[in-house]
């Protein structure tokens, strides 16, 4: 009795009308099993503006005005709230392209104009990526906006899933698909961009060939985010929305959750979170753990299950990042992490390390020494990506180049030098792998992925300071182990919660978990992405 697989229409609550996917199918009647029956039964959950004037008709977007001279529009591919998508032909060379034609008269609010401008900027920024639909140009006349893009006629990922036996991919084929989605997410995140609507309908195959590359499309809900700021609005598609989106405190991690949901579906043909109503789906997302017991999960490899579980961690800080996920053994290409991009979370950890108290830096160094290098594949990949000359250490120039890739943060050279100095514990002017691990470590993930091992590691780190083994770190023990001079008591204040002049194991673990930078919970201003980061 299976019915339509895909989720309800993408939603943006509280920030205006958006309908980014002109021809994607949406949820009709409810069914747990994937099927393509009744694929046309759709239900929109998007909030729309009511009334207003044709604001877009009064705006000159500054785009080229010679579309009709350059292209000839052909058959219709799909349509949405604001316009239509067509196949078109380049009059100069005969090449076929896709053209998204948007009716200015239907843009009745300023935010809808800003949405179009932002989507064009995003396509311009990402258009050179191998797994993002190519951007050619944007045009306008008095009536329409024309966004000219690469034509991908291989169909949606959704259709490929539905065509598979039991709507399932083999693990090998699923890994190929997931790897391409993760590359898109990692590139977006480096640019300070969050896609915010990753789902099978928003990925197209370049051609109908079996090995065709996958291309991300539809950035209508995508947005740029300020460092240290979280999105408050609820956007996306119900089946793929992350818990933190529903809590109105979301960031780049939400894209990884969505890819985790897609991976689950690719491997078993079912959704991990399902209900007949949207509110029911949200309740499942917030409270339920994905099932890995029912068929076919017993026959799926432990590596695949481990990968999916680490993407579907409800606490975003403990979830793998997109770049980390590319280093996971299950998704690696031929056992190697090919072209792993620099991870924004690693760069962020290195920036934060400078702001940590001296005590926390010392505690993190002790914790890092308890971890075997073979457990640090993702950080080794990151270190190698930053170590351009492959000499086994990161120089000031290599650090500068790495930090420059994180587009939202425009750090001055003096700040880069400060970060390198904080990471360089032996003061030789370079950061080796051991020093790098201390600053780049994801402590929240250590606890989430293996709580028993976390208990052992944090205890081992604690014991390095607890010389007499009485279960507490005293100022004198800290002085003996660190060689610090002067008054030690001020150092203890951050960790000594009960103010008894010493640090217990629980206080020590709390110190390791804590972060000195906290994200502010504010709304993303509608025009922010147009004034900052490109």
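Cβ atoms are placed via backbone N, Cα and C, with glycine included.
Binding of Ca(2+) 2 is annotated in Swiss-Prot for 424, 426, 428; the matching candidate from 435, 447 at the same site is 435. Residues 337-367 are the range that Swiss-Prot records as region 'Autoinhibitory domain', among 306-336, 337-367, 368-398.
Of the residues 452, 477, Swiss-Prot places 477 in the same Ca(2+) 3 site as 466, 468, 470. Per Swiss-Prot, ATP is bound by 77, 78, 79, 80, 81, 82, 83, 84, 85; the candidate from 100, 104 named for the same site is 100. Note: the region 'Autoinhibitory domain' (337-367) comprises 22 helix, 0 strand, 9 coil (DSSP; helix = H, G, I, strand = E, B).
Mapped onto DSSP classes, the domain 'EF-hand 2' (411-446) shows 23 helix, 2 strand, 11 coil. Outside the domain 'EF-hand 2' (411-446), and at least 6 residues removed from its termini, the chain residues within Cβ reach (under 8 Å) are 315, 317-320, 324, 345-346, 349-351, 353-354, 361, 364-365, 367-368, 371, 373, 376, 379-380, 382-383, 386, 392-396, 399-400, 403-404, 453-454, 457, 512-513. Secondary structure at residue 507 (Ca(2+) 4 binding site), as computed by DSSP, is helix. Under the three-state DSSP scheme, residue 502 (Ca(2+) 4 binding site) falls in the coil class. Using the Cβ center of 496, 498, 500, 502, 507 for Ca(2+) 4, the list of other same-chain residues with Cβ within 8 Å runs, in sequence order, 472, 492, 495, 497, 499, 501, 503, 504.
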